[in-house]
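Now, the feature entries from Swiss-Prot:
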type: DOMAIN; residues: 1-141; note: domain 'Globin'
type: MOD_RES; residues: SER3; note: phosphoserine
type: MOD_RES; residues: LYS7; note: N6-succinyllysine
type: MOD_RES; residues: LYS16; note: N6-acetyllysine
type: MOD_RES; residues: TYR24; note: phosphotyrosine
type: MOD_RES; residues: SER35; note: phosphoserine
type: MOD_RES; residues: LYS40; note: N6-succinyllysine
type: MOD_RES; residues: SER49; note: phosphoserine
type: BINDING; residues: HIS58; note: O2 binding site
type: BINDING; residues: HIS87; note: heme b binding site
type: MOD_RES; residues: SER102; note: phosphoserine
type: MOD_RES; residues: THR108; note: phosphothreonine
type: MOD_RES; residues: SER131; note: phosphoserine
type: MOD_RES; residues: THR134; note: phosphothreonine
type: MOD_RES; residues: THR137; note: phosphothreonine
Amino acid sequence: VLSPDDKKHVKDAWGKVGEHAGQYGAEALERMFLSFPTTKTYFPHFDLSHGSDQVKKHGKKVADALTLAVGHVDDMPQALSKLSDLHAHKLRVDPVNFKLLSHCLLVTLAAHLPAEFTPAVHASLDKFLASVSTVLTSKYR
């Protein structure tokens, strides 16, 4: 459960991401593909090379979903319901992959926002991404 302080940290940090959200989303995906090569199996039709348009577009989708979640932090299950259905029923993404992407997102944010990425903000973002992952995997059951 996100505390009021967690919610403030997440909103403030994501606000700093701003117009770079798509770029950071793509960078996190690239990190995930390089660090955890098995995640590539969900993207057999993608050009996964550095800077590919497909990775950039999907990175923007990831960032847009996170922006939606930040904006609806008190009602993520409703806000992310369609995305949860998609990942559970159509794409059938193994839930562990959300944890891997979350880790890569944290690394990316820490690299780009070192001054803002305090231990408290790190913990809040980690809890937020875990909450998003829980929502996205809730319809697997």
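Residue numbering: from 1, along the chain as shown.
Placement of Cβ uses the backbone N, Cα and C atoms for every residue, glycine included.
What you see is a predicted model, and the numbers here were worked out from it, not measured in a lab.
Shown on the structure are the features that Swiss-Prot records.
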residue: SER3; record: phosphoserine; DSSP (3 states): coil
residue: LYS16; record: N6-acetyllysine; DSSP (3 states): helix
residue: LYS40; record: N6-succinyllysine; DSSP (3 states): helix
residue: SER49; record: phosphoserine; DSSP (3 states): coil
residue: HIS87; record: heme b binding site; DSSP (3 states): helix
residue: SER102; record: phosphoserine; DSSP (3 states): helix
residue: THR108; record: phosphothreonine; DSSP (3 states): helix
residue: SER131; record: phosphoserine; DSSP (3 states): helix
residue: THR137; record: phosphothreonine; DSSP (3 states): helix
Could you give the Cα-Cα distance between HIS58 (O2 binding site) and TYR24 (phosphotyrosine), in whole Å?
11
Quick one: among the modified residues SER3, SER35, SER49, SER131, THR134, which has the most Cβ atoms sitting within 10 Å of its own Cβ?
SER131
Cα-Cα separation of the residue listed as 'heme b binding site' and THR108 (phosphothreonine), in Å?
23
CB contacts for SER102 (phosphoserine) [other CB atoms within 10 A, all chains]
19
Alpha-carbon spacing, SER49 (phosphoserine) to the residue listed as 'phosphotyrosine', which is rounded to whole Å:
16
Please work out which residue of LYS7, LYS40 has the most C-beta neighbours within 10 angstroms of its C-beta, and give that one of the modified residues.
LYS7
Counting other CB atoms within 10 Å of each candidate's CB, the least crowded of the modified residues THR108, THR137 is THR137
If one looks at the chain holding LYS16 (N6-acetyllysine), which residues at least 6 apart in sequence have a CB under 8 angstroms from its CB?
LEU113, GLU116
Distance check, please: Cα of TYR24 (phosphotyrosine) against Cα of SER3 (phosphoserine), rounded to an integer number of angstrom.
25
Can you tell me the CA-to-CA distance separating LYS40 (N6-succinyllysine) and SER102 (phosphoserine), as a whole number of Å?
16
Spatial separation of SER131 (phosphoserine) from THR137 (phosphothreonine) - C-alpha basis, Å
10
So among THR108, SER131, THR134, all listed as modified residues, which is physically nearest to LYS7 (N6-succinyllysine)? Use the C-alpha atoms.
SER131
